[in-house]
Amino acid sequence: MKIAVLSRNPRLYSTRRLVEAGRERGHEMVVIDTLRAYMNIASHKPQIHYRGQPLEGFDAVIPRIGASVTFYGCAVLRQFEMMGVFPLNESVAIARSRDKLRSLQLLSRKGIGLPVTGFAHSPDDVPDLIEMVGGAPLVIKLLEGTQGIGVVLCETEKAAESVLEAFMGLKHNIMVQEYIKEAGGADIRCFVVGDKVIASMKRQAAPGEFRSNLHRGGSASLIKITPEERMTAIRAARVMGLNVAGVDILRSNHGPLVMEVNSSPGLEGIESTTGKDIAGIIIQYLEKNGGPHLARTKGKG
């Protein structure tokens, strides 16, 4: 197969591993800088150009689109879909998963366990919003934040009011969530490919920190997940329409709660923790399910 990898940086661990795994299995792997791809939108035959040449003959595309380039990245991916190239994850599903609030609304509608979450626009509604999620301590999140940036734990209601008013004053969209104390600063990253959790790891926040992101100094270890956690991760990925996803789950007193569904999960932490060839499993998924003109949405939506 001829497989495109949409990535800003060919030296990133995840990009490198996907290229290695594809080549090991005899595929032609081409890394394309997402922001250097350009297209004629109105042409009769959908096309993408890259460094002066048309991109042709691809069977599948692996999007590794960073949060900051979601809009342009999804436009490029949509064009690939319109050309009949099979996407590992579809543009619609990626755009959906990048909108944190919409993701939670979709997951909630399907009855998937979530922390109590509030959303408001006006500072006048802050006291009621805090009460809605059960009071302090609580977590405030910027909707545009990634890798734990823009996530604040407020120990008191006074602190929560100050932080909320500051964010709202800066015209940021924020959501407020109950703090799951019993999770003890740990979460579980379940790596879903197709309809299977192929690997999972526990991420523990550094001492004095509550955010378990590895980018924030958290540590990772092996963990055995329960059947309920496995099913929750698979269902969450399915609701979002993602073939490959990193589903972050908290263990609470009332079962697994989904924190986030990531459409472009990193491979370094999960591969080094579990010793599994995740990149190889992703390529095998493409071999089994990919191929020209198998894109479900064909770039619509």
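Each residue, glycine too, has its Cβ placed from N, Cα and C.
The annotation domain 'ATP-grasp' is assigned in Swiss-Prot to 104-287 on the grounds of sequence analysis.
Swiss-Prot lists Lys141, Glu178, Tyr179, Asp187, Arg211, Ser212, Asn213 with the feature ATP binding site, giving sequence analysis as the kind of evidence. In the three-state DSSP classification, Glu178 (ATP binding site) falls within a strand. Neighbour density for Glu178 (ATP binding site): within 10 A of its CB lie 19 other CB atoms from the protein chains shown.
Note on Glu260 (Mg(2+) 1 binding site): other Cβ atoms within 10 Å of its Cβ, all shown chains, come to 19. The Mg(2+) 1 binding site annotation in Swiss-Prot covers Asp248, Glu260 and rests on sequence analysis.
Annotated Mn(2+) 1 binding site per Swiss-Prot: Asp248, Glu260, in sequence order, evidence recorded as sequence analysis. When secondary structure is read from DSSP and collapsed to three states, Asp248 (Mg(2+) 1 binding site) falls in the strand class. Of all Cβ atoms in the protein chains displayed, 21 besides its own lie within 10 Å of the Cβ of Asp248 (Mg(2+) 1 binding site).
Secondary structure at Glu260 (Mg(2+) 1 binding site), as computed by DSSP, is strand. The Mn(2+) 2 binding site annotation in Swiss-Prot covers Glu260, Asn262 and is backed by sequence analysis.
Positions annotated as Mg(2+) 2 binding site by Swiss-Prot: Glu260, Asn262. In sequence order, Ser97, Ala245, Gly246, Val247, Asp248 are the residues near Asn262 (Mn(2+) 2 binding site), counting only same-chain partners six or more apart with C-beta under 8 A.
Listed in sequence order, Pro137, Leu138, Val139, Leu153, Phe210 are the same-chain residues at least 6 apart in sequence whose CB falls under 8 Å from the CB of Tyr179 (ATP binding site).
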